[in-house]
Amino acid sequence: CCGHPGCSYAGLRFPDTHPKPSPPLPGSGSANPASAKRPVLLFIGLAAAPGCLPDWRMLSLFGVGAVLMRGAGCTINDMWDRDYDRQVARTASRPLAAGDISTFQSLVFLGGQLSLALCVLLCLNYYSIILGAASLSLVVTYPLMKRITYWPQLVLGLTFNWGALLGWSAIRGSCEWSVCLPLYFAGVMWTLVYDTIYAHQDKRDDIMIGVKSTALQFKEDTKQWLSGFSLAMLLSLCMAGMNCNQTFPYYAAVAAVGAHLAHQIYTLDIDKPEDCWKKFASNRTVGILLFIGIVLGNLWKQKDLKNVEDPSENR
């Protein structure tokens with residue numbers, strides 16, 4: 001039980017009386033709604049020049065790279081967790097856990113994912129290549145964290161949002177830490193929010209098989225922790241916005257995100273897996289709101305620049 005629908009498969013167990021199709025490979029799932037708007041896309045939007053839309057070539061390149069690396073992380077996760085997955089009803093039908101494919105086949109598939117991701121990485125500048133290569137240790141070790149700490153969601157946040165740093169450096173040539181660190185921290189806090197909610201779906205199975213999570217750590221205090229993470233996320237987004245001279249649409253989007261998270265946490269029922277899934281899935285809205293706010297905020301910058309330049313021209 002990974003804690004991520006992106007790590008699940010579309011594969012179903014078919015009755016033996018019917019021909020059995022080739023099972024999907026691990027890490028090929030793409031159902032993670034929270035990852036539909038990946039942090040890297042937010043960084044690319046924020047790094048755009050004033051008055052300009054995000055670089056669509058970079059958005060496409062990073063979109064492909066994010067899917068590949070996300071998939072590779074899920075493949076690694078499923079290889080580590082195949083014995084655990086067999087003991088959880090929701091994950092027992094995953095190809096590795098079900099024995100539909102071998103560990104060697106998964107390893108070959110992982111090699112393909114990493115090779116394609118490397119091709120994407122080599123399209124970037126040297127700074128970004130080094131920064132991207134540094135994330136591989138996190139990708140490999142994250143799945144082990146649930147065995148040794150109640151904070152695997154924190155490690156996931158550090159891993160999942162690393163690519164966002166690449167988004168900025170790919171556009172600007174290097175990281176501007178006064179912007180990148182607050183935005184990276186905001187992404188980590190966001191991950192703690194939605195993945196803690198997701199982890200509550202599996203808490204009963206996790207207790208039985210000895211898997212740790214923030215859901216088990218926070219228990220009935222979950223909403224207080226989620227509120228704290230959300231507040232830290234919003235403050236960090238504001239700090240990042242101030243350090244890159246963001247404008248009204250950006251802060252309006254941050255306010256809308258705050259309202260969305262407040263409603264999400266207030267109405268959350270941590271003891272109902274279906275409600276946890278619904279709230280988790282609603283985090284797609286957070287990413288969409290932020291991306292729209294960033295794009296409009298950058299376009300608004302050009303308007304502000306014109307307002308500054310016009311008085312001097314009329315003298």
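Just so it is clear, glycine is given a Cβ too, placed from its N, Cα and C backbone atoms.
Quantities reported herein were computed from a predicted structural model and do not represent experimental measurements.
Marked as region 'Disordered' by TrEMBL: 13-32. Under the heading transmembrane segment, TrEMBL lists 114-142, 154-171, 183-199, 225-242, 248-268, 280-300.
Nonlocal intrachain contacts for the transmembrane segment (280-300), taken as residues 6+ away from its ends with a CB within less than 8 angstroms of a stretch CB, comprise 33-34, 36-38, 41-42, 45-46, 48-54, 190, 193-195, 197-198, 237, 241, 246-254, 256-257, 260-261, 264. The largest share of C-beta pairs under 8 angstroms with the transmembrane segment (183-199) comes from 225-242, of the ranges 114-142, 154-171, 225-242, 248-268.
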